[in-house]
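Single-structure report; data block below.
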Amino acid sequence: QVRPLFYLSLSDLFLGMCWLTGALLYSTSTSKQDLICYNLQATGQIFYVASFLYTVNYTWHLYMDLKMKYSQNLHRMPPQVVDYASCIGRIATISSSLIPFLLMVPVFCLGNSSSCYQNFSQKHGCLLMHTEIAVPTTEPQTLSGSVCRVMHFYGIGVFLISFLISFIAILVILSQARGLYKRFVNSTGFLGDQQWAMIKMVEQRVIFYPIAFFCCWAPAVLLGILKLTVSTNSKIYMALLILQALTAASQGLLNCIVYGWTQHVFLSLKRNACRDVDTQTPLLRSQKKFYASTHPTGPPDAEGSTSTLL
């Protein structure tokens, strides 16, 4: 799970660099600034979609790791199945990088060949998610202008649809992982304090990871919807633009906070469980061992494998 988190953080880092570059270009004047800002917008769009897909990729790895451990303890999964799952994971990771780039190839090719960068205002052109069309819609549309408008709405559509699909996929995968982990722990027999602590941590991550994802990208999604419905000169639009600048590139930070906080809670629960064991009387410990022995026990490494799952 470290590698998917690394790629997710890397895409968020590149997105933050795009924001920083846009802010620097906004405050300075350079030659061919409109061309640079147009391609910067398209590049930022790649990292937006990549961040969505890498978030889904991380939750999918979380679910598959749990499913493989569950199957290994019950059915002794052969190594071929493990290698197949690992291959699928690598393909998913590569696809999370290629799909955003392929989706934005038409914007790069058709947009630059039709000089679409001339149809956007230069005042805010370098600010990501702000591609205001400067040509009035009442004027006769040329072929180049029509292509540029199609590319403009195409980019917004890719962003909104990618967010919707990713958010639904995250909710479904994390819910499945939560249910699978409960079945995995119940299949091992006696439910210890550390296993309950692990369940609590999974439940918290199931709740807080989608919340962090939604809070980071909700302003950008509302911004994209407003670009299709209302004027970009409204105060709500500018407020969402500022809010999105603060939240869109902060998903990696929020993910670190969620991971660190849930890990801290898990370790605290483990310490409390160990302290409770140390303060128990010999009679109480012997009774607890007797009750544990009356339940069917799983493989010897079942509890150990779950303690390092997440």
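Glycine too: its Cβ is placed from the backbone N, Cα and C atoms.
The region 'Disordered' feature in TrEMBL is assigned to 291-310. Per TrEMBL, transmembrane segment is recorded for 5-26, 46-63, 84-105, 153-174, 206-230, 236-261.
For the transmembrane segment (46-63), the partner stretch with the highest count of Cβ pairs under 8 angstroms, out of 5-26, 153-174, 206-230, is 153-174. When Cβ-Cβ distances below 8 Å are used as the criterion, the transmembrane segment (5-26) is approached by residues 33, 36-37, 40, 43-44, 47-48, 50-51, 54-55, 57-58, 93, 96-97, 124, 126-128, 245, 248-252, 255, 259 of the same chain, each at least six residues removed from its ends.
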